[in-house]
């Protein structure tokens, strides 16, 4: 996937989301930079690009619902939902079920019996995406694949593909000048 939209998104992510300095990632690993993608996924222009590019990336996958583990997946899913094209609904997987109300682990559109795309903002190990995959599968949803905006090339693709799932990303570290 190439083109002006992808180049513009890469520039916006570099400018808005790449933070240099020693950080501990959610995986527990340390890195010299952090890609705080919420700064891009919640930006008016970047969000529109993410929605279009993620739809383009997964155009050959048949799904009607998109979502993933809160919080990183939430704006990615809604960007896809609002991007031009066929109707796609969204859902959110909580980190744990609510103790009150409907006590649901998955909120939003129904995933039971649906073909589902699981998304992430940034993938490191793939654990967040796989948590969402298993939650969807546990209620009878069929996961068609996992897509992420930025892949850190640190094992997510391998972990997700080891589960028998397809995996794609819009951007890699080289696109952000971080390779």
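The backbone N, Cα and C atoms fix where each Cβ goes, glycine too.
Taken verbatim from Swiss-Prot:
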BINDING   94, 95, 98, 100, 120, 121, 122, 123, 124, 125, 126, 127, 128  5-phospho-alpha-D-ribose 1-diphosphate binding site
BINDING   124, 152  orotate binding site
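Annotated features taken from Swiss-Prot, shown on the structure.
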residue: 94; record: 5-phospho-alpha-D-ribose 1-diphosphate binding site; DSSP (3 states): coil
residue: 120; record: 5-phospho-alpha-D-ribose 1-diphosphate binding site; DSSP (3 states): strand
residue: 126; record: 5-phospho-alpha-D-ribose 1-diphosphate binding site; DSSP (3 states): coil
residue: 152; record: orotate binding site; DSSP (3 states): coil
> By a simple count, how many Cβ atoms lie within 10 Å of the Cβ of residue 98 (5-phospho-alpha-D-ribose 1-diphosphate binding site), its own Cβ left out?
Replying inline: 11
>> Among 94, 152, the binding-site residues in question, whose Cβ has the most other Cβ atoms within 10 Å in this structure?
In response: 152
> Relative to the Cβ position of residue 120 (5-phospho-alpha-D-ribose 1-diphosphate binding site), how many further Cβ atoms are located within 10 Å?
Replying inline: 27
>> Counting across all protein chains present, how many other Cβ atoms fall within 10 Å of the Cβ of residue 124 (5-phospho-alpha-D-ribose 1-diphosphate binding site)?
In response: 23
> Far apart in sequence but close in space: which same-chain residues, 6 or more away, have a Cβ under 8 Å from residue 126 (5-phospho-alpha-D-ribose 1-diphosphate binding site)?
Replying inline: 146, 155, 156, 157, 158, 159, 160, 167
> When you measure from the Cβ of residue 128 (5-phospho-alpha-D-ribose 1-diphosphate binding site), which residues in the chain that are at least 6 apart have a Cβ under 8 Å away?
Replying inline: 26, 68, 69, 72, 73, 120
